[in-house]
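**Q** Dropping a structure here in structure tokens format, bear with me for questions.
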Amino acid sequence: MNQKYSVTVPELGITFSTGSIAQLANGAVNVQVGETNVFVTACVAQTTKPGQDWFPLTVDYREKYAAAGRFPGGYFKREGRPSEKEILTSRLCDRPCRPLFPEGFLNEVQIIGQLFSADLVNESDISMVNGASAALAISDIPWNGPIAAVRVAEIEGKFVANPTIDQMFASSLDLIYVGNEKDMLMIEGSADQIPEERFIEALAFGHESIQPILKAIKELVAQCGKPKGTFPLVGATPEARTIIERVVPTERLIEAIFGKEKAVRANAVKLLKEEAKAALTAELGEGKFTDVDLNVVFEDLQYKAYRKTVLERGVRADGRGQKDIRPLQAQVGVLPRVHGSAMFQRGDTQNIALTTLGPTKDAQDLDALTGGVKSKSFLLHYNFPPFSVGETGRFTGPGRREIGHGALAERSLVPVLPPEDVFPYSIRVVSEIMASNGSTSMASICGGCLSLMDAGVPIIAPVAGISCGLMTQNASDGSIEKWVTITDILGEEDHFGDMDFKLAGTSKGITGFQLDLKINGLPFEIAKTAIMQARDARMEILKVMLGSLPAPRADLSKYAPRIQTIQIDPEKIGLLIGPGGKTIRRITETTGAQIDIAEDDSGKVFVYSNNAEAMNRAIQEIDSLCGGGGPGGSKGPAIEVGKIYTGRVTGVKEFGCFVECTPGNEGLCHVSELADFRVRRTEDVVKMGDSITVKCIGIDERSGKVRLSRKAAMKELEAQKQSSEAAPAQ
């Protein structure tokens, strides 16, 4: 897209251009990476609405099907409601831009980003953030930017800035870093249990990587930037502020909000607000002040009161210290019939999580215009009904906030899920928020993890989440001179504080994270403190969680579908499917079992049913049609309990190894069954391709999983040897 002005970031292959397209917008910039183009505009309303006391910033990102050379699906053949990816990208852009608008600036601002071309190599979300920054920076809209964004991957132990979509499949880290020249402004992403120290190194790498982008945006501003406009700032009148501060001094407000339950605190503040309104009416007269006067001053007073108790007294509104966690409760199996369920509660925040297992065909298809993953077999849906905060309201589909919170919890749990070849199920977790007073997304992670364990999903390690907040005091030059990080923030501490830093992970490292700020940047020193503080809190929460269920259940719920894997000749896949799917449909309809065929043409067939007879009939039909087959996917004889086998190690995992005992038929030898001493790492005993001797110690009746033991086999063989040596010679 050729335009009048352009700058390039050669280190990252990014080009910003402007000046010829959408010239009536306050700011308009095209961002090109490879052949992926995102066009971003920024516009501002010239007036505010009467009585408005909040900042209406709207960010909308849309992907055009034409960008990928495709027609939209459906009857109308045009783009419709925003997809989940579009919503998440919009939120990704909104969060770092919002805190940089001037206090009291309440004119509506709208940022629109459109994907105009997609090369299926480079993702578009980072371009959206950088484009919004550039559009705001060159516009006349008052804004304390620019900012810049970069994605950081870790591939084979090395950090990579702005990796391609294909490179991300090999990465153990997905970090989106947004910052300015000095500080970080927003981060989000996921990781494969990255240690905190390594995570901090990744943040430093991200900060270094954005500097060329910031330099380029400033060059663009120098070429064509508009002078910043003058807009009236909304605030309380001096007369109203003086009256309210006299009637409700900070100490009275501290007394109202200190050391009480949420409902009591809210009622006490409400009474003080009514008292202040009565004083305004008495001294200024009816109609001589507005709700804006009252609301703005009361927000300021509460802002001062909450941080005064923390910064000066070291005690928070509910009486806790800086690092104290609210009382924790965890229960599993709270509901019958469901495949897995759990209740997790932290203080007033409470969630119920439900897990459902299904066949792989229940995976969600993704219409990925920019490329990447085409489906996902793990879903986490977050619901926030109005009763959770004691209010009435709409009870319909999920909003942007619910989609965002669900995505955070989902990506925090994905790194510990078993691979599909170990656990070939689609999994859906639903987090129902029953009561809310801060950090409901972190409660969703804790409850969701417990419900997975209750459902018998063999997760690699349990995951817990915690949120850290921040209270700051600025010097006269605007720099932070005093600060305190606080663990497990309340809803009020989130609202009146400066930071919401959500961190989730296992005992080994971080799996999910999200940082949101209300200040103009977070120094690295504070970020490091919060990260380590969150680690300590996470360990405490994990203890409580594991107290309710120490490990995933060995067996699935009796209501969950059973699964058997059958190996057929790949050349007979077409025979099993039949013309137009006729054969596989007939088997499904006559037996009642569900049948999935692996998409990799390996010949693996998955048979699902919660009825043993239906499953066996389906397996027999497939076996008679295609030959081979049998429980466990065997072409050889089925594994039998009590027998000893010498087989080949086909998979090495953190929790044990898989051994093929007969052709196409394998089982799991748990790490605890590898030797008669404690094995720290599976690789210390066996490696991929090794030949080992194991004994079948059990087969789960519902799931068909085969349990093997090297320890039991060695013990039995040693006993046989001693017995033969002790026998008298004939």
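Cβ coordinates are placed from backbone N, Cα and C, and glycine is handled just like the others.
Keep in mind that what you see is a predicted model, and the values were worked out from it rather than measured.
Straight from Swiss-Prot, here's the annotation block:
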BINDING   ASP494, ASP500  Mg(2+) binding site
DOMAIN    561-622  domain 'KH'
DOMAIN    642-711  domain 'S1 motif'
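In the displayed structure, how are the listed features positioned relative to their neighbours?
**A** Counting only same-chain residues at least 6 apart in sequence, those with a Cβ under 8 Å from the Cβ of ASP494 (Mg(2+) binding site) are GLY438, SER467, GLY469, ASP500.
Helix, strand and coil residue tallies for the domain 'S1 motif' (642-711), in that order: 8 helix, 36 strand, 26 coil [DSSP].
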**Q** On the three-state reduction of DSSP, what should I expect for ASP500 (Mg(2+) binding site)?
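**A** In the DSSP reduction, ASP500 (Mg(2+) binding site) maps to strand.
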**Q** For the domain 'KH' (561-622), DSSP counts of helix, strand and coil?
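**A** The breakdown for the domain 'KH' (561-622) reads 32 helix, 16 strand, 14 coil.
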**Q** Tell me, how many other CB atoms lie within 10 A of the CB of ASP500 (Mg(2+) binding site), whichever protein chain they belong to?
**A** 22
